[in-house]
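Taking it in order: structure first as structure tokens, then the write-up.
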Amino acid sequence: MEQKQWHQMKTEELQQALQLDPDQGLTEEEAGERRKTSGYNELSEGVKISPVALFLNQFKDFMVLVLLGATLISGLLGEYLDAVTIVAIIFINGILGFIQEFRAERSLRALKQLSAPTTRVVRDGKVIYIAARELVPGDVVLVESGDRVPADVRWIETNSCSVEESALTGESMPVNKHSAEILEEDVPLGDQKNIGFMGTMVTRGTARGVVIRTGMETEMGKIADLIQNTESQETPLQHRLEQLGKILIGVSLGLTILVVVAGILHGQPVPGMFLAGVSLAVAAIPEGLPAIVTIALALGVQRMIKRKAIVRKLPSVETLGCASVICSDKTGTLTQNKMTVTRVWLGGRTMEVTGQGYEPAGQILLKGKPVELRSDQALRRLLQVGGLCNNAEIIETAQEESRSRRKGKEAEPAAVWELKGDPTEGALLTLASKMGLTQTSLANMYQRDKEFPFDSTRKLMSVIVSHQGGRLLCTKGAPDVLLDKCTYILWDGNVVPLTPTLRQKVLGANEKMASEALRVLGLAYRDLRPHDRPESETEAECQLIFIGLTGMIDPPRKEVRDAISKCRRAGIKTVMITGDHRTTAEAIAAQLGILPRNGLSMTGQELARLDDKELDARVDQTYVYARVSPEHKLRIVKSLQRKGHVVAMTGDGVNDAPAIKAADIGIAMGITGTDVSKEASSLILSDDNFSTIVAAIEEGRSIYENIRKFIRYLLASNVGEILTMFFAMMMGLPLPLAPIQILWVNLVTDGLPAMALGVDQPEKDLMEQKPRGAKENIFARRLGWKIISRGFLIGLCTLGAFWLTLRIAPNDPAQLAKAQSVAFATLVMAQLIHVFDCRSSRSIFHRNPLQNKSLVLAVASSVLLMLGVMYIEALQPIFKTVPLGLKEWALTLVAAGIPTFLMGAGSVWGGRRNRRRSMMTKSANISA
Ligand code: ATP
């Protein structure tokens, strides 16, 4: 066994213990072997509900138990057939419920898998991304600011690395980590400076570590039971529906009791009335509602995944539909994040750069003529600093040229230049390579001693490199920030003091490039004296010599302009929040149609000067925030929220997490986002693209409308069922439906058609309407009225058809059976016609009824099921049905059609009248 603990070992001892080469990492084979003993690197999940338990849960419902009891009693009284059939129907209902819930559960689990974390690891000498659960002891992992430490690791290299370990130690201040520290004693976790613990968060810097423990063996694993994720995924709507469900149970039970009492008072036999009452209660309680809501949510979420939006928190699906402002990052979300340097400014000279992408082909031209690197020391220094102060890598890969193959030629491999790392840095590498300063040649000449990593608050990055006995500090970053750290400038080949005039010249050049939508970066350097050992960035980044500026294009994403105008039509404001220069941001915002003519822009500095009240007064007119730091984002979100907006906010860095969390819909970037931002988010864009947010909002709206559609359908159907029985009992008529028929209506109409409504296509003008209010009641926009009016008519028409048939021979039991069959068919058909009406917020005439294929199929199978129990002779005695003649069918269909078509015609007429009235008002206004 280990003699020393991991934190007490020197690097060599560590390598020996784990048998590894830190540069090569493990081989895939070796990792596979080790996994056999170590298992997957994951914490065991909490107790899962088994399918059997899920199935049994279906029968736990109070009313179902009462029905089973009632059935048992009627069985004991000799109604065997009834009893068996009712049990069969309850069983089928249970299976349907089980399938719904099982599907819902499975899709939720699949979603969880999708947002599972990945990590960077060295395998076979290459840096690759793998799922964090694949890690094994001995793997070499790389982390940077914003990452979660994926397993317990022993650091072997750290660059200004701090880790926040509050999840483990409760200490919220980040701890500095040092790979070199060897701890002799058995120190507590919080003091183990050379160890990284699974689940803790890197807040600063970069580091390389060797995995020492995985999964349940880690320190986090030891306390896993305490931190089991018990967060409920219930959405506010689900919660409200659950409460509504309770009210509906009360109302249904109350009405059912009224029906039963009225029936008994009018001379109906007590046992029969009791069974009818219980069946009615079972049918009237919309027990399928929660499961269908979950399915509609889960299926909608799957459609979102196809559109590249991964929902992490189900409640956000609802909030998405209410979003009234989207605050979006610029780089990579609105733009392509494919940077190419097109301009260089050096001591008053402006140069153009040719070539595209990351291919090192192109020239630097001054007044149209190629510049010679040999004779231009300033340019050489600029390229060197850009190439050295850099963590990106450009790899040449070969790709088959399909065009030449199509022409019948030999396939020629074409070079493809692939970037690994930050595109801004990639652009600088390409610029240097265009002039022959390749990454390899720079790496051969200079050795990196230290790095002060880029940080979006500081907006600078520096490295210290040494070569031929000398040491150089290279810095790059936002020109306005960098200039404050410079005291000299390279001008005409000489280092001269940075006078206010020269400073103005630099700023003027910066402004000019920015106004052309270029992203501008400044570069500076300083020779270090032998005794200079700066430990912090403040010590290092001072008295610099400013070299020049590079301007890069980052073209807007093609689809974004359309997405923004779609948002505008949908009443959603788009706001750009960027760390970039104000002028660059404004230029791009104008190109994309974000910044209207009277719209304002604001810088982080200006924002910092405003108090909350002043910010609130301007926030509605401001469309661009530039040079902001992540903490400003939080103030913007809060201010917008105070103004009553529902805010969607994007972010990628570790410092963006508070704003993402505070936003109503926190959005993280799938590709460039840090683990921390992803964990804080409720939505992840797997393509980092703004248009995906708009697609998600569209889906969010559509899901909500679909939920409203089937709530409308289910509740109107139930109102219809109850009222049919209620009216009949009040009028002293016999039971219009036998108990078993009530249960069958419930089975054939509630399940499939409601589910098909849950996946209905959205109405055409979905994104032409204003966002709904966050507190809007589900029954708002006349939904409640529609439920009651349609339900009332369904009840009335069913009873009418029953009465008209019964009236012919009121005392003949055969006629009563026929009248019951007419009522049964009318009720089913009225609901199945009404389901098409539910697809539109206007009327049945506004949409093609055949568009939703699943609905057509569901309705067709429900009709078949109904015909089955009416026309299959063997089933007739069970369901107490008789086949109907033409006359009865005509009556049935007319009665069934009235609720939908009458109200539909009414709304069409009303719509026309409104339009005519508004036209008349308009023309009256014009003539006035
Ligand atoms: P957005 O917030 O829209 O993504 P951004 O990428 O410009 O915009 P940051 O990444 O915070 O925002 O960058 C802010 C500024 O920092 C940039 O305008 C640039 O001047 C500078 N900068 C960006 N990347 C680097 C880097 N790798 N090294 C040094 N400076 C950088």
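Counting starts with 1 at the first residue shown.
Quick reminder: no glycine exception, Cβ is built from N, Cα and C everywhere.
The annotation domain 'Cation-transporting P-type ATPase N-terminal' is assigned in TrEMBL to 5-79.
If you look up TrEMBL, you'll see 16-39 marked as region 'Disordered'. Beyond its flanks by at least six residues, the region 'Disordered' (16-39) meets 2, 9, 121-125, 134, 136-140, 156, 208, 210, 212, 214-215, 217 of its own chain at Cβ-Cβ distances under 8 Å.
The transmembrane segment annotation in TrEMBL covers 59-77 (among others).
Per TrEMBL, transmembrane segment is recorded for 83-99 (among others).
Taking Cβ pairs closer than 8 Å, the transmembrane segment (247-267) reaches residues 63, 273-274, 276-278, 280-281, 284-286, 715, 718, 722, 725-726, 729-730, 732, 735 in its own chain, all 6 or more past its ends. The transmembrane segment annotation in TrEMBL covers 247-267 (among others).
The transmembrane segment annotation in TrEMBL covers 273-299 (among others).
Annotation comment: TrEMBL describes 710-730 (among others) as transmembrane segment.
Taken from TrEMBL, the feature transmembrane segment applies to 742-762 (among others). Packing against the transmembrane segment (742-762) from elsewhere in the chain are residues 86, 89, 92-93, 96, 100, 276, 279-280, 282-283, 286, 288, 292, 295-296, 299, 698, 701-702, 705-707, 709-710, 713-714, 717, 721, 725, 824, 827-828, 831-832, 835, 838-839, 851-852, 854-855, 857-859, 861-862, 865-866, 869, 879: each is 6 or more residues past its ends and has a CB under 8 Å from a CB in it.
Under the heading transmembrane segment, TrEMBL lists 783-804 (among others).
What TrEMBL lists as transmembrane segment is 816-835 (among others).
The annotation transmembrane segment is assigned in TrEMBL to 855-874 (among others). Same-chain residues lying 6 or more positions outside the transmembrane segment (855-874) and placing a CB less than 8 Å from one of its CB atoms are 744, 747-749, 752-753, 755-757, 760, 821, 824-825, 828-829, 832, 835-836, 839, 849, 881-884.
Here the transmembrane segment (889-910) has long-range neighbours at 720, 786, 789-790, 793-794, 797-798, 800-801, 804-805, 822, 825-830, 832-834, 836-837, 842-845, meaning same-chain residues at least 6 beyond its ends whose C-beta is under 8 angstroms from one of its own. The transmembrane segment annotation in TrEMBL covers 889-910 (among others).
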Mind pulling out the one from 83-99, 783-804, 816-835 with the most Cβ pairs under 8 angstroms to the transmembrane segment (710-730)? 783-804
Determine the mean pLDDT over the domain 'Cation-transporting P-type ATPase N-terminal' (5-79), rounding to the nearest whole number. 77
The region 'Disordered' (16-39), counted residue by residue under DSSP: helix, strand, coil: 14 helix, 1 strand, 9 coil
